[in-house]
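Down below is the structure, laid out as C-alpha coordinates.
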Amino acid sequence: NVGFKAGVKEYKLTYYTPDYETLDTDILAAFRVTPQPGVPPEEAGAAVAAESSTGTWTTVWTDGLTNLDRYKGRCYHIEPVAGEENQYIVYVAYPLDLFEEGSVTNMFTSIVGNVFGFKALRVLRLEDLRIPPAYVKTFQGPPHGIQVERDKLNKYGRPLLGCTIKPKLGLSAKNYGRAVYECLRGGLDFTKDDENVNSQPFMRWRDRFVFCVEAIYKAQAETGEIKGHYLNATAGTSEEMIKRAVFARELGVPIVMHDYLTGGFTANTSLSHYCRDNGLLLHIHRAMHAVIDRQKNHGIHFRVLAKALRMSGGDHIHSGTVVGKLEGERDITLGFVVLLRDDYIEKDRSRGIYFTQPWVSLPGVLPVASGGIHVWHMPALTEIFGDDSVLQFGGGTLGHPWGNAPGAVANRVALEACVQARNEGRDLAREGNEIIRKASKWSPELAAACEVWKEIKFEFQAMDTL
(Lines of atoms letter the chains of each structure in order from A and count residues from 1; the text may use other names and numbers.)
(Lines give C-alpha, C1' and ligand atoms only; values in the text may rest on other atoms or scores of the structure.)
Protein backbone atom coordinates (compact mmCIF):
# COMPACT_ATOMS: atom_id res chain seq x y z
CA ASN A 1 0.00 0.00 0.00
CA VAL A 2 1.57 3.32 -1.11
CA GLY A 3 -0.88 5.41 0.90
CA PHE A 4 -2.82 6.49 -2.19
CA LYS A 5 -6.56 5.91 -2.01
CA ALA A 6 -8.14 6.06 -5.45
CA GLY A 7 -11.75 7.11 -5.99
CA VAL A 8 -14.02 10.10 -5.81
CA LYS A 9 -14.37 11.93 -2.51
CA GLU A 10 -16.50 14.88 -1.53
CA TYR A 11 -14.86 18.25 -2.12
CA LYS A 12 -15.91 19.49 1.30
CA LEU A 13 -13.66 16.98 3.05
CA THR A 14 -10.62 18.78 1.64
CA TYR A 15 -11.71 22.25 0.56
CA TYR A 16 -14.28 23.39 3.15
CA THR A 17 -12.29 24.77 6.07
CA PRO A 18 -14.47 27.04 8.23
CA ASP A 19 -11.70 27.40 10.85
CA TYR A 20 -9.18 28.81 8.37
CA GLU A 21 -7.63 32.17 9.32
CA THR A 22 -7.05 34.11 6.10
CA LEU A 23 -3.52 35.35 5.44
CA ASP A 24 -2.61 38.91 4.46
CA THR A 25 -1.18 37.51 1.23
CA ASP A 26 -4.29 35.49 0.23
CA ILE A 27 -6.46 36.58 -2.66
CA LEU A 28 -10.01 36.49 -1.27
CA ALA A 29 -13.09 35.99 -3.44
CA ALA A 30 -16.80 36.38 -2.68
CA PHE A 31 -18.99 34.22 -4.93
CA ARG A 32 -22.78 34.26 -5.13
CA VAL A 33 -23.53 30.54 -5.42
CA THR A 34 -26.83 28.90 -6.34
CA PRO A 35 -26.32 25.12 -5.94
CA GLN A 36 -28.33 22.55 -7.88
CA PRO A 37 -31.24 21.10 -5.85
CA GLY A 38 -29.93 18.57 -3.34
CA VAL A 39 -26.35 19.91 -3.28
CA PRO A 40 -25.52 21.28 0.19
CA PRO A 41 -23.95 24.76 0.26
CA GLU A 42 -20.74 23.45 1.90
CA GLU A 43 -20.20 21.02 -0.96
CA ALA A 44 -21.00 23.70 -3.57
CA GLY A 45 -18.64 26.19 -1.91
CA ALA A 46 -15.89 23.61 -1.58
CA ALA A 47 -16.39 22.63 -5.23
CA VAL A 48 -15.83 26.25 -6.28
CA ALA A 49 -12.66 26.45 -4.19
CA ALA A 50 -11.39 23.13 -5.52
CA GLU A 51 -12.10 23.63 -9.21
CA SER A 52 -10.59 27.12 -9.21
CA SER A 53 -7.40 25.93 -7.50
CA THR A 54 -5.82 22.47 -7.11
CA GLY A 55 -8.79 20.09 -7.24
CA THR A 56 -10.17 17.82 -9.90
CA TRP A 57 -13.10 15.42 -9.91
CA THR A 58 -11.20 12.43 -8.50
CA THR A 59 -8.21 11.79 -6.27
CA VAL A 60 -5.05 11.55 -8.39
CA TRP A 61 -1.77 9.78 -7.64
CA THR A 62 0.26 12.98 -8.25
CA ASP A 63 -1.53 14.72 -5.35
CA GLY A 64 1.07 12.97 -3.21
CA LEU A 65 3.93 14.76 -4.97
CA THR A 66 2.94 18.20 -3.75
CA ASN A 67 1.80 19.89 -0.56
CA LEU A 68 -1.90 20.46 -1.20
CA ASP A 69 -2.34 22.31 2.07
CA ARG A 70 0.02 24.96 0.81
CA TYR A 71 -1.59 25.42 -2.61
CA LYS A 72 -5.29 24.66 -2.31
CA GLY A 73 -8.07 27.24 -2.38
CA ARG A 74 -10.22 27.12 0.74
CA CYS A 75 -13.89 27.85 1.22
CA TYR A 76 -13.69 29.48 4.66
CA HIS A 77 -17.11 31.07 5.18
CA ILE A 78 -20.66 30.71 3.81
CA GLU A 79 -23.62 33.01 4.44
CA PRO A 80 -27.15 32.72 3.02
CA VAL A 81 -28.33 35.65 0.88
CA ALA A 82 -31.22 37.41 2.63
CA GLY A 83 -34.49 37.17 0.71
CA GLU A 84 -33.19 34.61 -1.81
CA GLU A 85 -33.97 30.93 -1.66
CA ASN A 86 -31.01 28.58 -2.02
CA GLN A 87 -28.48 31.34 -2.66
CA TYR A 88 -25.28 31.81 -0.69
CA ILE A 89 -22.28 34.10 -0.54
CA VAL A 90 -19.29 31.77 -0.48
CA TYR A 91 -15.90 33.14 0.57
CA VAL A 92 -12.81 31.49 -0.88
CA ALA A 93 -9.16 32.16 0.00
CA TYR A 94 -6.47 31.46 -2.61
CA PRO A 95 -2.77 31.21 -1.70
CA LEU A 96 -0.72 33.82 -3.55
CA ASP A 97 1.54 31.14 -5.06
CA LEU A 98 -1.28 30.06 -7.40
CA PHE A 99 -0.94 33.23 -9.50
CA GLU A 100 1.62 34.59 -11.93
CA GLU A 101 2.91 38.01 -10.94
CA GLY A 102 1.58 40.97 -12.90
CA SER A 103 -0.93 38.93 -14.93
CA VAL A 104 -4.63 39.79 -14.71
CA THR A 105 -5.11 37.18 -17.42
CA ASN A 106 -3.73 34.41 -15.22
CA MET A 107 -5.69 35.61 -12.18
CA PHE A 108 -8.98 35.37 -14.08
CA THR A 109 -8.09 32.10 -15.78
CA SER A 110 -7.53 30.59 -12.33
CA ILE A 111 -10.43 32.10 -10.42
CA VAL A 112 -13.21 32.12 -13.04
CA GLY A 113 -11.73 30.10 -15.90
CA ASN A 114 -13.26 26.71 -15.31
CA VAL A 115 -15.64 26.73 -12.42
CA PHE A 116 -18.59 28.53 -14.06
CA GLY A 117 -19.56 25.51 -16.15
CA PHE A 118 -19.60 23.27 -13.10
CA LYS A 119 -22.53 20.83 -12.94
CA ALA A 120 -23.13 21.02 -9.18
CA LEU A 121 -23.93 24.73 -9.49
CA ARG A 122 -27.03 26.14 -11.09
CA VAL A 123 -25.54 29.62 -11.46
CA LEU A 124 -22.49 31.41 -10.07
CA ARG A 125 -21.40 35.02 -9.81
CA LEU A 126 -18.08 36.48 -8.69
CA GLU A 127 -19.12 39.46 -6.56
CA ASP A 128 -15.80 40.81 -5.31
CA LEU A 129 -12.08 40.12 -4.97
CA ARG A 130 -9.62 41.27 -2.30
CA ILE A 131 -6.26 41.77 -3.99
CA PRO A 132 -3.51 41.65 -1.34
CA PRO A 133 -0.78 44.34 -1.38
CA ALA A 134 1.80 41.65 -2.11
CA TYR A 135 0.04 40.96 -5.42
CA VAL A 136 -0.96 44.57 -6.19
CA LYS A 137 2.72 45.48 -6.07
CA THR A 138 3.47 43.16 -9.00
CA PHE A 139 1.35 45.39 -11.28
CA GLN A 140 2.25 48.73 -12.81
CA GLY A 141 -1.40 49.78 -12.85
CA PRO A 142 -2.66 52.89 -14.67
CA PRO A 143 -0.06 54.52 -16.94
CA HIS A 144 -0.29 57.85 -15.10
CA GLY A 145 -3.21 58.26 -12.72
CA ILE A 146 -5.37 61.20 -11.73
CA GLN A 147 -2.83 63.73 -10.45
CA VAL A 148 -0.37 63.27 -13.32
CA GLU A 149 -3.22 63.61 -15.81
CA ARG A 150 -4.30 66.92 -14.28
CA ASP A 151 -0.71 68.16 -14.45
CA LYS A 152 -0.36 67.11 -18.10
CA LEU A 153 -3.63 68.83 -19.03
CA ASN A 154 -3.21 71.78 -16.66
CA LYS A 155 -6.85 71.45 -15.54
CA TYR A 156 -7.76 71.51 -11.85
CA GLY A 157 -10.73 71.82 -9.53
CA ARG A 158 -13.46 70.53 -11.82
CA PRO A 159 -14.61 67.41 -13.66
CA LEU A 160 -13.33 67.05 -17.23
CA LEU A 161 -15.77 67.21 -20.15
CA GLY A 162 -15.92 64.81 -23.07
CA CYS A 163 -18.09 63.91 -26.04
CA THR A 164 -18.37 60.81 -28.21
CA ILE A 165 -18.50 61.71 -31.89
CA LYS A 166 -21.74 60.55 -33.56
CA PRO A 167 -22.90 59.07 -35.88
CA LYS A 168 -20.37 56.58 -34.67
CA LEU A 169 -20.04 54.81 -38.01
CA GLY A 170 -20.23 56.23 -41.52
CA LEU A 171 -18.47 59.61 -41.36
CA SER A 172 -15.43 60.21 -43.55
CA ALA A 173 -12.18 61.02 -41.74
CA LYS A 174 -12.32 64.68 -42.75
CA ASN A 175 -15.90 65.20 -41.57
CA TYR A 176 -15.08 63.31 -38.39
CA GLY A 177 -12.20 65.72 -37.76
CA ARG A 178 -14.55 68.66 -38.34
CA ALA A 179 -16.91 67.38 -35.65
CA VAL A 180 -13.97 66.95 -33.25
CA TYR A 181 -12.77 70.51 -33.88
CA GLU A 182 -16.20 72.05 -33.29
CA CYS A 183 -16.61 70.28 -29.94
CA LEU A 184 -13.13 71.13 -28.68
CA ARG A 185 -13.38 74.75 -29.83
CA GLY A 186 -16.65 75.12 -27.94
CA GLY A 187 -15.08 74.24 -24.59
CA LEU A 188 -14.84 70.47 -24.15
CA ASP A 189 -11.58 68.94 -22.92
CA PHE A 190 -11.87 65.71 -24.89
CA THR A 191 -13.70 64.12 -27.76
CA LYS A 192 -13.90 60.37 -28.19
CA ASP A 193 -13.83 57.67 -30.81
CA ASP A 194 -16.77 55.34 -30.32
CA GLU A 195 -15.73 51.92 -29.06
CA ASN A 196 -16.48 50.26 -32.40
CA VAL A 197 -14.58 52.81 -34.48
CA ASN A 198 -11.40 50.88 -35.29
CA SER A 199 -10.34 50.92 -38.96
CA GLN A 200 -13.30 50.38 -41.27
CA PRO A 201 -13.50 50.83 -45.07
CA PHE A 202 -15.19 54.26 -44.86
CA MET A 203 -12.56 55.61 -42.43
CA ARG A 204 -9.17 53.96 -42.02
CA TRP A 205 -7.45 54.53 -38.70
CA ARG A 206 -4.50 56.48 -40.04
CA ASP A 207 -6.65 59.04 -41.87
CA ARG A 208 -8.82 59.49 -38.79
CA PHE A 209 -5.78 60.03 -36.55
CA VAL A 210 -4.36 62.70 -38.87
CA PHE A 211 -7.59 64.69 -39.23
CA CYS A 212 -8.33 64.47 -35.49
CA VAL A 213 -4.86 65.75 -34.64
CA GLU A 214 -5.35 68.69 -36.98
CA ALA A 215 -8.58 69.45 -35.11
CA ILE A 216 -6.82 69.20 -31.73
CA TYR A 217 -4.01 71.60 -32.65
CA LYS A 218 -6.38 74.12 -34.22
CA ALA A 219 -8.69 74.07 -31.18
CA GLN A 220 -5.73 74.38 -28.80
CA ALA A 221 -4.41 77.40 -30.68
CA GLU A 222 -7.80 79.12 -30.55
CA THR A 223 -8.73 78.39 -26.94
CA GLY A 224 -5.35 78.36 -25.18
CA GLU A 225 -6.36 75.10 -23.46
CA ILE A 226 -4.89 71.63 -23.84
CA LYS A 227 -7.25 69.39 -25.81
CA GLY A 228 -7.40 65.66 -26.50
CA HIS A 229 -9.24 63.10 -28.60
CA TYR A 230 -9.37 59.45 -27.50
CA LEU A 231 -7.82 57.80 -30.55
CA ASN A 232 -9.04 54.20 -30.43
CA ALA A 233 -6.02 51.93 -30.91
CA THR A 234 -8.04 48.71 -30.52
CA ALA A 235 -7.17 46.36 -33.39
CA GLY A 236 -7.34 42.78 -34.59
CA THR A 237 -3.84 41.93 -33.35
CA SER A 238 -1.74 43.22 -30.45
CA GLU A 239 1.02 44.25 -32.87
CA GLU A 240 -1.40 46.38 -34.89
CA MET A 241 -2.71 47.96 -31.67
CA ILE A 242 0.80 48.99 -30.61
CA LYS A 243 1.50 50.28 -34.15
CA ARG A 244 -1.50 52.60 -33.85
CA ALA A 245 -0.39 53.80 -30.41
CA VAL A 246 3.11 54.49 -31.76
CA PHE A 247 1.64 56.60 -34.59
CA ALA A 248 -0.50 58.52 -32.08
CA ARG A 249 2.62 59.26 -30.04
CA GLU A 250 4.46 60.46 -33.17
CA LEU A 251 1.60 62.87 -33.86
CA GLY A 252 2.03 64.30 -30.36
CA VAL A 253 -1.45 63.63 -28.97
CA PRO A 254 -2.01 63.34 -25.20
CA ILE A 255 -4.27 60.27 -25.08
CA VAL A 256 -5.22 57.00 -26.80
CA MET A 257 -8.03 54.56 -26.15
CA HIS A 258 -8.62 50.82 -25.84
CA ASP A 259 -11.60 48.46 -25.49
CA TYR A 260 -10.16 46.36 -22.68
CA LEU A 261 -12.64 43.48 -22.57
CA THR A 262 -12.94 42.81 -26.29
CA GLY A 263 -9.23 43.57 -26.77
CA GLY A 264 -8.29 41.33 -23.85
CA PHE A 265 -6.32 41.86 -20.64
CA THR A 266 -2.99 40.75 -22.10
CA ALA A 267 -3.19 43.30 -24.93
CA ASN A 268 -4.46 45.95 -22.52
CA THR A 269 -1.57 45.49 -20.10
CA SER A 270 0.94 45.73 -22.97
CA LEU A 271 -0.68 48.94 -24.20
CA SER A 272 -0.73 50.35 -20.68
CA HIS A 273 3.02 49.73 -20.31
CA TYR A 274 3.64 51.38 -23.69
CA CYS A 275 1.56 54.40 -22.61
CA ARG A 276 3.51 54.88 -19.39
CA ASP A 277 6.84 54.56 -21.19
CA ASN A 278 5.80 57.12 -23.79
CA GLY A 279 3.78 59.66 -21.84
CA LEU A 280 0.37 58.80 -23.32
CA LEU A 281 -2.79 58.77 -21.23
CA LEU A 282 -5.02 55.72 -21.74
CA HIS A 283 -8.81 55.91 -21.95
CA ILE A 284 -10.59 52.59 -21.43
CA HIS A 285 -14.00 51.62 -22.77
CA ARG A 286 -15.80 48.63 -21.24
CA ALA A 287 -17.55 47.33 -24.38
CA MET A 288 -18.96 43.83 -23.72
CA HIS A 289 -19.13 44.31 -19.94
CA ALA A 290 -22.90 43.73 -19.79
CA VAL A 291 -22.48 40.27 -21.30
CA ILE A 292 -20.46 39.44 -18.20
CA ASP A 293 -21.98 41.59 -15.45
CA ARG A 294 -25.67 42.16 -16.27
CA GLN A 295 -27.21 39.05 -14.69
CA LYS A 296 -27.69 39.41 -10.96
CA ASN A 297 -26.91 35.79 -10.13
CA HIS A 298 -24.45 34.72 -12.83
CA GLY A 299 -21.24 36.17 -14.25
CA ILE A 300 -18.81 38.68 -12.75
CA HIS A 301 -19.82 41.93 -11.08
CA PHE A 302 -18.45 45.07 -12.71
CA ARG A 303 -16.61 46.04 -9.53
CA VAL A 304 -14.32 43.04 -10.14
CA LEU A 305 -13.78 44.08 -13.77
CA ALA A 306 -13.02 47.61 -12.53
CA LYS A 307 -10.43 46.33 -10.04
CA ALA A 308 -8.90 44.21 -12.80
CA LEU A 309 -8.63 47.28 -15.03
CA ARG A 310 -6.89 49.27 -12.30
CA MET A 311 -4.31 46.47 -12.11
CA SER A 312 -3.98 45.99 -15.88
CA GLY A 313 -3.85 49.73 -16.47
CA GLY A 314 -6.00 52.60 -17.73
CA ASP A 315 -6.39 56.26 -16.77
CA HIS A 316 -10.13 56.58 -17.53
CA ILE A 317 -12.84 53.93 -17.49
CA HIS A 318 -16.55 54.11 -18.27
CA SER A 319 -18.56 53.39 -15.15
CA GLY A 320 -22.22 54.23 -15.74
CA THR A 321 -24.01 57.47 -14.95
CA VAL A 322 -25.98 56.83 -11.73
CA VAL A 323 -28.41 59.58 -12.69
CA GLY A 324 -32.02 58.51 -12.83
CA LYS A 325 -31.27 54.90 -12.00
CA LEU A 326 -32.55 53.01 -8.99
CA GLU A 327 -31.20 53.97 -5.60
CA GLY A 328 -29.52 50.65 -4.87
CA GLU A 329 -27.65 50.86 -8.14
CA ARG A 330 -26.57 54.36 -7.20
CA ASP A 331 -24.85 53.17 -4.04
CA ILE A 332 -23.23 50.27 -5.85
CA THR A 333 -21.99 52.47 -8.70
CA LEU A 334 -20.52 54.84 -6.13
CA GLY A 335 -18.90 51.79 -4.56
CA PHE A 336 -16.87 50.96 -7.63
CA VAL A 337 -16.16 54.62 -8.39
CA VAL A 338 -14.48 54.74 -4.98
CA LEU A 339 -12.61 51.49 -5.74
CA LEU A 340 -11.23 53.10 -8.90
CA ARG A 341 -10.10 56.39 -7.37
CA ASP A 342 -9.14 55.92 -3.74
CA ASP A 343 -6.03 54.37 -2.24
CA TYR A 344 -7.72 52.56 0.66
CA ILE A 345 -11.33 51.38 0.60
CA GLU A 346 -13.10 50.04 3.68
CA LYS A 347 -15.42 47.07 3.45
CA ASP A 348 -18.95 48.42 3.00
CA ARG A 349 -21.70 45.93 2.19
CA SER A 350 -24.25 48.70 1.54
CA ARG A 351 -22.14 49.62 -1.49
CA GLY A 352 -21.46 46.03 -2.43
CA ILE A 353 -17.86 46.17 -1.22
CA TYR A 354 -17.20 42.78 0.39
CA PHE A 355 -13.57 43.33 1.40
CA THR A 356 -11.34 46.13 2.59
CA GLN A 357 -9.05 46.88 -0.36
CA PRO A 358 -5.66 48.59 0.05
CA TRP A 359 -4.15 49.73 -3.27
CA VAL A 360 -0.76 50.64 -1.76
CA SER A 361 -0.20 53.71 -3.97
CA LEU A 362 -1.29 52.16 -7.27
CA PRO A 363 -2.40 55.20 -9.33
CA GLY A 364 -6.14 55.91 -9.48
CA VAL A 365 -8.49 55.81 -12.47
CA LEU A 366 -10.92 58.56 -13.45
CA PRO A 367 -14.49 57.23 -13.71
CA VAL A 368 -16.25 58.30 -16.90
CA ALA A 369 -19.98 59.03 -16.70
CA SER A 370 -21.50 58.63 -20.12
CA GLY A 371 -24.80 57.63 -21.66
CA GLY A 372 -28.00 59.63 -22.00
CA ILE A 373 -26.90 62.67 -19.98
CA HIS A 374 -27.43 66.38 -20.77
CA VAL A 375 -27.18 69.83 -19.18
CA TRP A 376 -30.01 69.32 -16.68
CA HIS A 377 -28.06 66.40 -15.20
CA MET A 378 -24.99 68.54 -14.56
CA PRO A 379 -25.71 69.44 -10.91
CA ALA A 380 -26.38 65.80 -10.01
CA LEU A 381 -23.27 64.60 -11.83
CA THR A 382 -21.09 67.25 -10.19
CA GLU A 383 -22.43 66.32 -6.78
CA ILE A 384 -22.22 62.55 -7.20
CA PHE A 385 -18.92 62.17 -9.04
CA GLY A 386 -17.02 65.17 -7.64
CA ASP A 387 -14.03 66.75 -9.37
CA ASP A 388 -12.16 63.58 -10.24
CA SER A 389 -14.30 62.34 -13.10
CA VAL A 390 -14.94 62.75 -16.82
CA LEU A 391 -18.49 63.69 -17.81
CA GLN A 392 -19.23 62.62 -21.35
CA PHE A 393 -22.11 64.07 -23.32
CA GLY A 394 -22.49 62.56 -26.81
CA GLY A 395 -26.02 63.38 -27.90
CA GLY A 396 -26.03 65.98 -25.12
CA THR A 397 -23.45 67.96 -27.13
CA LEU A 398 -24.09 67.01 -30.76
CA GLY A 399 -27.87 67.16 -30.34
CA HIS A 400 -27.81 70.91 -29.65
CA PRO A 401 -30.13 72.69 -32.11
CA TRP A 402 -27.37 75.12 -33.17
CA GLY A 403 -24.64 72.53 -33.73
CA ASN A 404 -21.61 71.00 -32.03
CA ALA A 405 -19.71 74.06 -30.84
CA PRO A 406 -22.75 75.69 -29.17
CA GLY A 407 -23.55 72.28 -27.64
CA ALA A 408 -20.05 72.21 -26.16
CA VAL A 409 -20.44 75.79 -24.90
CA ALA A 410 -23.70 74.87 -23.17
CA ASN A 411 -22.08 71.96 -21.33
CA ARG A 412 -19.03 73.96 -20.30
CA VAL A 413 -21.13 76.87 -19.00
CA ALA A 414 -23.39 74.46 -17.07
CA LEU A 415 -20.37 72.72 -15.55
CA GLU A 416 -18.61 75.95 -14.53
CA ALA A 417 -21.86 77.22 -12.99
CA CYS A 418 -22.29 74.03 -10.95
CA VAL A 419 -18.68 74.02 -9.76
CA GLN A 420 -18.91 77.68 -8.76
CA ALA A 421 -22.21 77.12 -6.95
CA ARG A 422 -20.77 74.13 -5.09
CA ASN A 423 -17.67 76.11 -4.11
CA GLU A 424 -19.94 78.83 -2.74
CA GLY A 425 -21.54 76.21 -0.51
CA ARG A 426 -24.86 75.87 -2.32
CA ASP A 427 -26.79 72.61 -2.28
CA LEU A 428 -26.63 71.16 -5.78
CA ALA A 429 -29.20 68.48 -4.99
CA ARG A 430 -31.84 71.01 -4.01
CA GLU A 431 -30.95 74.03 -6.13
CA GLY A 432 -29.65 72.27 -9.25
CA ASN A 433 -32.39 73.36 -11.65
CA GLU A 434 -32.26 76.92 -10.35
CA ILE A 435 -28.46 77.09 -10.85
CA ILE A 436 -28.77 75.92 -14.46
CA ARG A 437 -31.68 78.29 -15.16
CA LYS A 438 -29.77 81.26 -13.80
CA ALA A 439 -26.65 80.45 -15.80
CA SER A 440 -28.70 80.17 -18.99
CA LYS A 441 -29.60 83.88 -18.71
CA TRP A 442 -26.01 84.72 -19.58
CA SER A 443 -25.53 81.99 -22.18
CA PRO A 444 -27.90 81.73 -25.14
CA GLU A 445 -26.26 78.39 -26.01
CA LEU A 446 -27.17 76.96 -22.61
CA ALA A 447 -30.67 78.46 -22.81
CA ALA A 448 -31.25 76.67 -26.13
CA ALA A 449 -29.99 73.38 -24.67
CA CYS A 450 -32.26 73.77 -21.64
CA GLU A 451 -35.21 74.27 -23.94
CA VAL A 452 -34.50 71.12 -25.97
CA TRP A 453 -34.04 68.80 -23.01
CA LYS A 454 -36.64 70.43 -20.71
CA GLU A 455 -36.17 70.13 -16.98
CA ILE A 456 -35.97 66.64 -15.63
CA LYS A 457 -36.89 65.69 -12.10
CA PHE A 458 -33.84 64.48 -10.22
CA GLU A 459 -34.47 61.25 -8.35
CA PHE A 460 -31.95 62.70 -6.01
CA GLN A 461 -33.18 62.53 -2.43
CA ALA A 462 -31.63 59.19 -1.57
CA MET A 463 -28.06 60.49 -1.69
CA ASP A 464 -28.23 61.80 1.87
CA THR A 465 -29.50 58.58 3.42
CA LEU A 466 -26.56 56.32 2.53
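Along the chain as shown, the residues are counted starting at 1.
Any Cβ shown, glycine's included, is placed from N, Cα and C.
Swiss-Prot lists Asn114, Thr164, Lys168, His318, Ser370 as binding substrate, and of Arg204, Arg206, Arg286, Arg294 the one it places in that same site is Arg286.
Around Lys5 (N6,N6,N6-trimethyllysine), the C-beta neighbours below 8 angstroms that are at least 6 residues distant in the chain are Thr59. Those residues of the chain, other than Lys192, Asp194, Glu195, with a C-beta within 8 angstroms of the mean position of the Mg(2+) site C-beta atoms are Thr164, Ile165, Lys168, Asp193, Asn196, Val197, Tyr230, Asn232, Met257, His285. Counted within 10 Å of its Cβ, the other Cβ atoms near Lys166 (active site, proton acceptor) come to 15, all protein chains included. Counting only residues at least six positions away in the same chain, the Cβ atoms of Gly162, Cys163, Thr164, Ile165, His229, Tyr230, Met257, His283, Gln392 sit under 8 Å from the Cβ of Lys192 (N6-carboxylysine). Note: His318 (substrate binding site) has non-local neighbours Ile284, His285, Arg286, Pro367, Val368, Ser370, i.e. same-chain residues 6+ apart with C-beta under 8 A of its own C-beta.
When the Cα atoms are compared, Asp194 (Mg(2+) binding site) and Lys168 (substrate binding site) turn out to be 6 Å apart.
Of the listed recorded positions Lys168, His285, Arg286, the Cβ environment within 10 Å is emptiest of other Cβ atoms at Lys168.
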